[in-house]
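K.L.:
Before I ask anything, here is the structure I am working with.
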Ligand SMILES: O=P(O)(O)O[C@H]1O[C@H](CO)[C@@H](O)[C@H]1O
Ligand SMILES: [Mn+2]
Ligand SMILES: [Mn+2]
């Protein structure tokens, strides 16, 4: 009997994937470019604990290069590999569902036009059903830029800001006080229903506060309305078998609350890691503790902020020993990512990259698990760990 702690460093890619050309992402490298950014300042990214778990080796496997300016680990204590994504998209639900054993092999719908992105009919229905005075945006945008540009007009007019990106998303930004948080959630739920014919992965509520463009800031009350995964994930199988599936952060939202037995929200890497640690003290055998650290992606990757991303990685690395110290002899820890989001890459979208697969536990033999064909190897390893029926995709690395 065992427990697994899976921590997703959201967007922490480790080099362009073999099929990056299909996404315009040849040369993207989230980790490598962050390391380079820090090395150019004459320093080295200080992530000794991640390196000891095999991050540098995984990076070398994915790219054929050493990360710039980082001292190699004296000893590797974890299993390390680099995984290709089988799913057709480079979005958050695809990455998470695939690591839970269910790759997304169909194509999502997308709103491809940069301007006037949404069908007029859809917007008309949303305005009518939600009794809105209209909407603002209707374009591709970075979420922080668009609230700066349209936040004041939104507050004055009561029209929510509706925007999208290269992902299969419809996002709605609105002011928590002037528009109202609950009203924003209701409008998003309505949008979720109206999007049925469009095959869109997620509607995301993007509440913000502040009085004008100089201080508008998004809050931790973001909410994701995902469609459910297309087949039962390892989360469903574990919870049906009587195990605990404990979501920390936005995991539950990403899985449309399927297969989750407990959920906790927290804002920021420190709070999310503290919650993970707290849950580890009480979670019974046959528990999957599943944490998503969204901040890497939303605060630094999409914001194209390599400095902030580097600091967040260093913070995460400092917090990591608390997690390993709290592990029981049969526990395994898996660190991975759901896609890349290279903070030095043009635009503000995700990047198609390999993700690290780092696994650590007293029962695991350290060493390379090499290139993995799919993130679903994580789900398959979890199925094996918990004694569940094998998943349809993936190859377990527990005994490799
Ligand atoms: O620019 P913001 O609002 O952070 O949006 C980003 O967050 C969305 C979900 O990860 C992505 O589709 C991307 O566009
Ligand atoms: Mn993500
Ligand atoms: Mn993202």
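Heads up, residue numbers simply count up from 1 along the chain you see.
Cβ coordinates come from backbone N, Cα and C, glycine included.
The following feature annotations were taken from TrEMBL:
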type	residues	note
BINDING	10, 338, 339	Mn(2+) 1 binding site
BINDING	297, 302, 350	Mn(2+) 2 binding site
DOMAIN	3-389	domain 'Metalloenzyme'
K.L.:
Taking only the binding-site residues 10, 338, 339, which have a CB closer than 6 angstroms to any atom that belongs to ligand 3?
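P.N.:
Passing the 6 Å Cβ check against ligand 3: none.
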K.L.:
Identify, among the binding-site residues 302, 339, 350, the residue whose Cβ has the fewest other Cβ atoms within 10 Å in this structure.
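P.N.:
Ranked by other Cβ atoms within 10 Å, the binding-site residues 302, 339, 350 bottom out at 302.
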K.L.:
Which of 10, 338 (the binding-site residues) has the most other Cβ atoms within 10 Å?
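P.N.:
Most Cβ neighbours within 10 Å: 338.
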K.L.:
Sequence gap of 6 or more, Cβ distance under 8 Å: name the residues on the same chain that satisfy this around residue 297 (Mn(2+) 2 binding site), in order along the sequence.
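P.N.:
Looking at Cβ-Cβ distances below 8 Å from residue 297 (Mn(2+) 2 binding site), excluding near sequence neighbours, one finds 10, 11, 92, 341, 350.
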K.L.:
Hey, how far is residue 302 (Mn(2+) 2 binding site) from residue 339 (Mn(2+) 1 binding site), Cα to Cα, in Å?
P.N.:
12
K.L.:
With the Mn(2+) 2 site defined by 297, 302, 350, which remaining residues of that chain have Cβ atoms positioned within 8 Å of the Cβ centroid?
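P.N.:
Output for this site, in sequence order: 10, 11, 298, 301, 339, 341, 348, 349.
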K.L.:
Please check the binding-site residues 10, 297, 302, 338 against ligand 2 and give me the ones with CB under 6 A, sequence order.
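P.N.:
10, 297, 338, in sequence order.
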K.L.:
Consider only the binding-site residues 10, 302, 339, 350: which of them have a Cβ under 6 Å from an atom of ligand 1? Write none if no residue does.
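P.N.:
Listed by sequence, the hits are 302.
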K.L.:
Restricting to the domain 'Metalloenzyme' (3-389), report the mean pLDDT as a whole number.
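P.N.:
The average pLDDT of the model in the domain 'Metalloenzyme' (3-389) works out to 98.
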K.L.:
Same chain, not part of 10, 338, 339: whose C-beta falls within 8 angstroms of the C-beta centre of the Mn(2+) 1 site? Give them in sequence order.
P.N.:
8, 11, 12, 92, 95, 96, 297, 337, 340, 341, 350, 355
